[in-house]
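Chemist: I'd like to ask some things about the structure below.
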Number of protein chains: 4
Amino acid sequence: MKAILFFNPLKARKEDVQEQFFDIFHNNDIEILKIMPAGSALADNSLYQEADIFIVLGGDGTVLRVAELSAENSIPIVGINLGTLGFLTAYDSTEIEQAAKDIASNNLHYSDRFLLECYVGGKKLISLNDITVQKSQPIGTVDLEILIKGESVLNYAGDGVILSTPTGSTGYALSMGGPIIEPSLDLITINPLASHSLNIRPLVVSSNNYIEIIIHHIDAGNAYVTVDGDIVHRIEAGMAVVVSSSEKKVTLAQKNDYSFFKVLNNKLGFGRRII
Amino acid sequence: MKAILFFNPLKARKEDVQEQFFDIFHNNDIEILKIMPAGSALADNSLYQEADIFIVLGGDGTVLRVAELSAENSIPIVGINLGTLGFLTAYDSTEIEQAAKDIASNNLHYSDRFLLECYVGGKKLISLNDITVQKSQPIGTVDLEILIKGESVLNYAGDGVILSTPTGSTGYALSMGGPIIEPSLDLITINPLASHSLNIRPLVVSSNNYIEIIIHHIDAGNAYVTVDGDIVHRIEAGMAVVVSSSEKKVTLAQKNDYSFFKVLNNKLGFGRRII
Amino acid sequence: MKAILFFNPLKARKEDVQEQFFDIFHNNDIEILKIMPAGSALADNSLYQEADIFIVLGGDGTVLRVAELSAENSIPIVGINLGTLGFLTAYDSTEIEQAAKDIASNNLHYSDRFLLECYVGGKKLISLNDITVQKSQPIGTVDLEILIKGESVLNYAGDGVILSTPTGSTGYALSMGGPIIEPSLDLITINPLASHSLNIRPLVVSSNNYIEIIIHHIDAGNAYVTVDGDIVHRIEAGMAVVVSSSEKKVTLAQKNDYSFFKVLNNKLGFGRRII
Amino acid sequence: MKAILFFNPLKARKEDVQEQFFDIFHNNDIEILKIMPAGSALADNSLYQEADIFIVLGGDGTVLRVAELSAENSIPIVGINLGTLGFLTAYDSTEIEQAAKDIASNNLHYSDRFLLECYVGGKKLISLNDITVQKSQPIGTVDLEILIKGESVLNYAGDGVILSTPTGSTGYALSMGGPIIEPSLDLITINPLASHSLNIRPLVVSSNNYIEIIIHHIDAGNAYVTVDGDIVHRIEAGMAVVVSSSEKKVTLAQKNDYSFFKVLNNKLGFGRRII
């Protein structure tokens with residue numbers, strides 16, 4: 001079993017990761033090909049292709065930083081959360097030994113996750129959670145028009161819009177009142193961000209749509225496009241962002257007894273009777 | 001082109017339908033095999049198989065009454081609304097001549113709609129819109145537990161639950177705050193009905209689940225199971241309802257320029273800027 | 001200290017209440033003038049006037065049954081919940097001795113609660129929590145128009161409407177997505193019940209309004225008016241219900257360290273960080 | 001009748017206002033004491049005291065810029081919207097002649113509007129609509145704790161919080177799912193901004209509370225405090241903002257047939273049947 005080890009460079013240094021984790025994996029017959037900061041990339045893709053799995057040390061945010069690389073190279077990700085368990089990570093900080101054993105013996109549950117593609121400013125970006133268009137300032141609104149397959153569907157003034165995958169339905173989309181969506185599904189959710197209107201609801205559309213977001217007016221400042229929690233582009237009135245499905249998927253490894261609904265219950269109290 | 005004509009027996013009599021509509025269809029080379037009240041059935045299925053299309057005269061509710069027959073026999077439905085246009089009907093009362101021409105020339109847009117199956121009290125029922133379990137009385141609550149593929153996911157006291165298809169997302173599920181879902185999708189939405197808890201949201205799950213609704217307690221009276229707006233069964237505490245996907249689909253015919261989003265805008269003002 | 005003891009006749013018999021609780025109160029110098037089932041009334045009001053407090057043994061529902069009597073006679077209520085603590089009860093089943101001591105020494109926190117009045121079918125009813133108009137059947141909708149001070153404000157088809165006091169904001173109104181309102185406030189919340197429209201929100205209006213609910217049409221069956229969880233009247237299309245503020249208040253006694261927000265947190269998990 | 005004329009300096013120049021509007025008011029016996037850009041102030045307060053009314057030429061935002069001056073000097077505001085009618089303005093651009101006549105003859109409807117006070121960074125600010133604390137960046141979250149009268153009530157990670165007056169309930173608070181509140185009421189609404197939790201709802205509390213917002217952590221950048229749509233302060237983790245009721249009020253003049261509910265219907269489609 002060969003692995004590349006990714007870590008959150010804001011929370012750890014490469015030497016510490018090497019010192020703390022290398023032996024654990026080595027003792028379980030996992031060969032660590034390389035230790036890399038999440039979000040970085042190699043000039044030459046060939047090393048990725050040698051890996052059987054990407055091991056990510058960090059929270060959900062760190063897994064998101066590795067998602068595109070995982071999708072491009074069709075290598076599954078397993079996340080080990082150094083803090084508390086997240087939605088995307090499989091093991092918490094007390095379970096590293098177990099993680100190593102499960103990875104070595106391939107005692108894992110794999111699920112393929114639907115991805116979005118975002119086209120803006122000549123770039124193409126891949127998203128596992130969500131793409132947002134948001135005003136840059138805490139004041140004023142942006143005037144948005146959203147077209148689905150070329151047809152104008154939503155018009156409103158507000159803070160922006162979130163387009164999310166089923167995986168992203170427990171992220172920022174949840175904060176804006178969106179539904180919770182089983183992550184095995186292939187679909188796109190359009191959630192207005194603070195639209196100043198009553199006649200708008202979260203809208204769930206099939207993955208074979210392409211969605212254009214046109215910025216007609218910004219009261220103050222600019223607007224930003226974010227992908228999985230990173231700012232990727234600054235846009236102005238008159239510009240557009242196009243979002244569609246990706247043909248690729250991320251394969252996410254979890255513990256073998258993984259249950260999405262149990263994670264929902266543990267992390268959000270979803271469906272739990274409090275009294 | 002051969003058709004069976006269904007009508008809403010609460011709004012019209014068979015003779016009136018015959019008198020008013022027979023000639024219009026006949027003049028357009030549509031042979032009317034039979035005129036039947038929606039919700040009724042023939043002892044012998046063979047006549048259905050001779051039809052190319054089921055023409056339904058009435059509103060969305062009348063279309064729902066014919067959905068099961070349409071699915072069982074794989075005959076598409078086209079709805080002509082004698083009142084204002086609905087979500088399921090294709091033509092309104094001023095467009096009967098055009099409807100006849102479009103049907104005769106097969107100038108129609110067809111879409112396959114996902115269906116739910118409901119098992120309760122030894123019966124199997126098919127739903128195009130939604131299945132609900134509801135308390136029978138305007139007072140008190142029911143204690144529900146909802147299991148997905150055998151796993152307990154939701155526990156709450158409330159008025160009941162709505163399970164809906166994407167087609168049903170613009171019906172009762174909308175009234176309870178559910179998301180709007182493109183009708184081409186195959187998935188199940190679980191919407192609690194007035195759950196007395198904060199930690200519950202609409203839940204969208206894949207079509208390959210089976211869902212059990214267990215009634216643990218009813219404060220007053222009984223509970224009812226409804227399918228597409230009809231009461232189909234009365235249940236008591238300790239009983240369960242099982243819902244899963246149907247292998248069948250209903251093929252719904254619309255005008256050739258049909259747009260789901262345009263209907264949303266016209267009927268609900270969805271996404272429209274008011275000022 | 002003189003008290004009348006009310007009990008939930010569905011959960012206990014008078015003799016059992018007498019046997020279990022009389023001595024506890026007597027030993028704490030609380031004279032029990034009478035033991036009565038909640039919801040019953042005496043022909044002669046004079047005994048109520050002799051009481052310093054109404055002690056209610058039962059849950060929130062039992063307190064609601066005594067609220068009108070408490071308001072009419074200006075006698076405060078203290079609730080002892082024989083099950084788990086509610087929003088209105090002050091003590092739970094393990095705290096009866098402490099309750100007796102606190103009542104005897106007047107070591108209590110009193111709050112005056114705003115009440116609604118409902119006029120229907122020649123009757124006037126008083127509500128501490130909420131007044132609803134609801135369809136009688138789990139199918140179909142009612143067409144409602146709601147006027148505020150004679151002005152038509154809301155028009156929709158749905159399951160009905162909830163008008164609630166701030167005290168009732170944690171009851172059925174919460175289940176329908178209403179805001180949580182501090183119970184010291186004097187105001188009326190209008191919450192549509194499953195309105196089939198997007199352009200409606202919970203509406204909070206001042207206590208000096210009168211509100212008319214006109215039923216224009218009922219698809220199936222009748223509609224019911226409920227007050228604090230009891231059916232009080234059956235109405236038909238064409239009839240109206242009028243709701244306004246009451247001049248009276250209910251004085252509710254709680255423990256001296258009572259905090260509304262602590263109850264919210266304990267009973268609903270409100271505002272609590274789960275992870 | 002003496003008036004001070006305020007205008008939006010982003011939309012007009014003083015000379016244009018003078019030229020366009022001076023004669024209209026003069027011809028109706030309204031003496032214009034001064035023409036000032038909204039948001040500016042005089043060194044000497046005595047001129048304000050000579051005015052009977054502040055006439056504001058501009059939209060709701062321009063009225064908000066004059067609110068504090070109006071409250072401090074107890075001079076009513078009448079807004080003339082040069083675009084489309086807003087929630088706060090009384091006349092639209094086609095009604096200037098009528099506005100002048102109504103002002104001159106005092107044919108107006110006055111309502112006193114509840115105000116909030118915000119203490120941050122040694123400053124005290126007055127708000128007619130809302131006070132927000134928001135993260136400065138479109139990425140990451142802020143960790144907030146909200147205390148009411150010294151008691152910790154809400155703990156969450158999200159984009160921030162909106163505290164609004166009843167007047168502000170149709171502004172940004174509406175965009176975040178808050179209830180609509182009759183503007184004559186004196187109360188404070190606390191609306192979380194995209195809280196990443198399920199167990200939070202809009203909370204309506206009485207005006208005799210003081211509310212502390214403590215920022216425990218900011219993922220990226222800083223946080224901003226805004227008052228009525230203006231950034232007033234930049235804060236960092238560890239800092240707090242305190243909000244309470246103001247003893248002052250703004251007196252807002254509207255047309256004599258003013259109806260809050262009619263404005264809701266016209267501007268938001270609130271309660272209107274679309275079909």
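Glycine is no exception: its Cβ is also placed from the backbone N, Cα and C atoms.
Sequence annotations record features per position, and here TrEMBL assigns active site, proton acceptor to C:Asp60. Residues annotated as NAD(+) binding site in TrEMBL: C:Asp60, C:Gly61, C:Arg65, C:Asn129, C:Asp130, C:Asp159, C:Thr170, C:Gly171, C:Tyr172, C:Ala173, C:Leu174, C:Ser175, C:Ala194.
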Chemist: Give the number of CB atoms, excluding that of C:Ala194 (NAD(+) binding site) itself, located within 10 Å of its CB.
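Modeler: By my count, 24.
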Chemist: Under DSSP, is C:Ala194 (NAD(+) binding site) helix, strand or coil?
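Modeler: Going by the DSSP assignment, C:Ala194 (NAD(+) binding site) belongs to neither helix nor strand, so it counts as coil.
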Chemist: Provide, as an integer number of angstrom, the distance between the C-alpha atoms of C:Tyr172 (NAD(+) binding site) and C:Asp60 (active site, proton acceptor).
Modeler: 13
Chemist: Tell me the Cα distance separating the residue listed as 'active site, proton acceptor' from C:Asp130 (NAD(+) binding site), rounded to the nearest angstrom.
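Modeler: With distance taken Cα to Cα, the residue listed as 'active site, proton acceptor' is 13 Å from C:Asp130 (NAD(+) binding site).
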Chemist: Using C:Asp60 (active site, proton acceptor) as the reference point, find which of the binding-site residues C:Thr170, C:Leu174, C:Ala194 has the shortest Cα-to-Cα distance to it.
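Modeler: If we rank C:Thr170, C:Leu174, C:Ala194 by Cα distance to C:Asp60 (active site, proton acceptor), first place goes to C:Thr170.
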Chemist: The record lists C:Asp60, C:Gly61, C:Arg65, C:Asn129, C:Asp130, C:Asp159, C:Thr170, C:Gly171, C:Tyr172, C:Ala173, C:Leu174, C:Ser175, C:Ala194 as binding NAD(+). What's the largest Cα to Cα distance among them, in Å, rounded to a whole number?
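Modeler: In whole numbers, the farthest two Cα atoms are 27 Å apart.
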Chemist: List the same-chain residues at least 6 positions away in sequence whose Cβ sits under 8 Å from the Cβ of C:Leu174 (NAD(+) binding site), in sequence order, or say none.
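Modeler: Within the chain, C:Leu174 (NAD(+) binding site) has Cβ neighbours under 8 Å at C:Ile180, C:Leu268.
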Chemist: Going by DSSP, give the three-state secondary structure for C:Asp130 (NAD(+) binding site).
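Modeler: Once the DSSP labels are grouped into three classes, C:Asp130 (NAD(+) binding site) ends up as strand.
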Chemist: Here the recorded positions are C:Asp60, C:Asp130; which one has the lowest number of other Cβ atoms no more than 10 Å from its Cβ?
Modeler: C:Asp60
Chemist: Counting every protein chain present, what is the number of Cβ atoms, excluding its own, within 10 Å of the Cβ of C:Thr170 (NAD(+) binding site)?
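Modeler: Its Cβ has 27 other Cβ atoms within 10 Å.
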Chemist: Can you count the other CB atoms that lie within 10 A of the CB of C:Arg65 (NAD(+) binding site)?
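Modeler: Around C:Arg65 (NAD(+) binding site), other Cβ atoms within 10 Å: 21.
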Chemist: Can you check what DSSP calls C:Arg65 (NAD(+) binding site), collapsed to helix, strand or coil?
Modeler: helix
Chemist: Near chain B, which of the recorded positions C:Asp60, C:Arg65, C:Asp130, C:Thr170, C:Leu174, C:Ala194 can you find when the cut-off is a Cβ distance under 8 Å?
Modeler: C:Leu174, C:Ala194
